[in-house]
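What TrEMBL annotates here:
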- ASN9, ARG20, GLY197, GLY218, HIS219: 3-amino-2-oxopropyl phosphate binding site (BINDING)
- ASP11, HIS12, ARG47, HIS52, THR102: 1-deoxy-D-xylulose 5-phosphate binding site (BINDING)
- HIS45: active site, proton acceptor (ACT_SITE)
- GLU72: active site, proton acceptor (ACT_SITE)
- GLU152: site 'Transition state stabilizer' (SITE)
- HIS196: active site, proton donor (ACT_SITE)
Amino acid sequence: MNIPLLGVNIDHIATLRNARGVGYPCPIKGALICEQAGASGITLHLREDRRHIQDEDVYELIGQLTTRMNLEMAVTDEMLNIALKVRPAWVCLVPEKRQELTTEGGLDIANLSNIQAFIHSLQQADIKVSLFIDPDPHQIDAAIALGADAIELHTGAYAQATLQNNQKLVDKELDRIQKAVAMAQKKSSLLINAGHGLTRDNVAAIAQIDGIHELNIGHALISDAIFMGLDNAVKAMKMAFVQDKTTNH
Ligand code: PXP
């Protein structure tokens with residue numbers, strides 16, 4: 001069985017810090033603990049409204065990471081300029097709506113006219129580009145045509161179905177993701193990542209899909225850290241990847 005890597009999204013360490021407008025908890029410190037505990041990379045989403053990660057966090061973190069930074073961002077000129085200054089190993093392009101609580105759906109690549117030039121500018125600067133898309137054959141075809149380096153499949157609908165204990169829907173969403181991975185593998189050499197809404201309780205079925213390179217996990221892992229510590233939360237999440245599905249509750 002191929003076990004995916006774990007990328008940790010540290011946004012919600014910053015959410016907690018910003019709730020009081022103080023300097024703690026420090027997302028940089030958190031990122032370094034995650035690396036030490038076995039994360040293969042650190043993801044952070046610089047949103048247009050700066051609700052969690054701030055510009056200074058990005059600039060500070062890039063000098064300290066020993067793994068790799070995956071900078072999530074919207075397809076805007078402002079973000080492109082920042083990425084070209086920071087030069088993370090990876091950029092993950094995501095759709096962004098001001099009112100949303102979190103990234104609610106994947107990119108609709110076909111309707112983003114400037115995306116080809118955007119990807120090209122990043123790749124010219126030696127930044128690899130991942131596209132956050134729904135597990136939809138049209139989006140996968142579009143990602144391949146655009147020459148992306150990776151796709152990240154949105155697991156939010158699957159995760160939501162697990163929270164609702166709707167087994168029929170869980171099976172349907174899992175099947176969509178499995179088919180999307182198989183299709184991307186067959187048609188391309190894209191790296192295939194996945195993430196959104198994954199928890200220790202629902203991650204195993206996704207982690208055990210052959211062909212997934214990395215899972216990006218934030219909210220549930222940072223929540224676990226409140227009760228077990230960040231180091232243990234990273235280790236526990238990695239253990240949950242390989243748990244037998246039938247005992248994963
Ligand atoms: N991947 C992407 C592209 C995301 O936008 C997010 C949420 O910021 C995640 C993964 C992590 O999702 P969660 O916080 O629900 O684990």
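Glycine too: its Cβ is placed from the backbone N, Cα and C atoms.
Of the candidate binding-site residues, HIS12, HIS52, GLY218, the one lying closest to HIS196 (active site, proton donor) when CA atoms are compared is GLY218. Of all Cα pairs drawn from ASN9, ARG20, GLY197, GLY218, HIS219, which the record names as binding 3-amino-2-oxopropyl phosphate, the longest spans 25 Å. The Cβ neighbour count for the residue listed as 'active site, proton donor', using a 10 Å radius over every protein chain in view, is 26. Taking ASN9, HIS12, ARG20, HIS52 as the candidate binding-site residues, the subset whose CB lies under 6 angstroms from any atom of ligand 1 consists of ASN9. Under the three-state DSSP scheme, HIS196 (active site, proton donor) falls in the coil class.
Counting only residues at least six positions away in the same chain, the Cβ atoms of ILE42, THR43, LEU44, HIS45, GLU72, GLY195, ASN216, ILE217, GLY218, HIS219, LEU221 sit under 8 Å from the Cβ of ASN9 (3-amino-2-oxopropyl phosphate binding site). A Cα-Cα distance of 13 Å separates GLU152 (site 'Transition state stabilizer') from GLY197 (3-amino-2-oxopropyl phosphate binding site). Distance from the CA of ARG20 (3-amino-2-oxopropyl phosphate binding site) to the CA of HIS52 (1-deoxy-D-xylulose 5-phosphate binding site) is 12 Å. GLY197 (3-amino-2-oxopropyl phosphate binding site) sits 13 Å from HIS12 (1-deoxy-D-xylulose 5-phosphate binding site), taking the C-alpha atoms as the reference points. Under a cutoff of 8 A between CB atoms, and with a sequence separation of 6+ in the same chain, the neighbours of ASP11 (1-deoxy-D-xylulose 5-phosphate binding site) are PRO27, THR43, LEU44, HIS45, HIS52, ILE53, GLY218.
Highest local Cβ density among the binding-site residues GLY197, GLY218 belongs to GLY218, counted as other Cβ atoms within 10 Å over all protein chains shown. DSSP assigns ASP11 (1-deoxy-D-xylulose 5-phosphate binding site) to a helix. Fewest Cβ neighbours within 10 Å among the binding-site residues ARG20, ARG47, HIS219: that distinction goes to ARG20. The CA atom of ARG20 (3-amino-2-oxopropyl phosphate binding site) is located 19 Å away from the CA atom of ARG47 (1-deoxy-D-xylulose 5-phosphate binding site).
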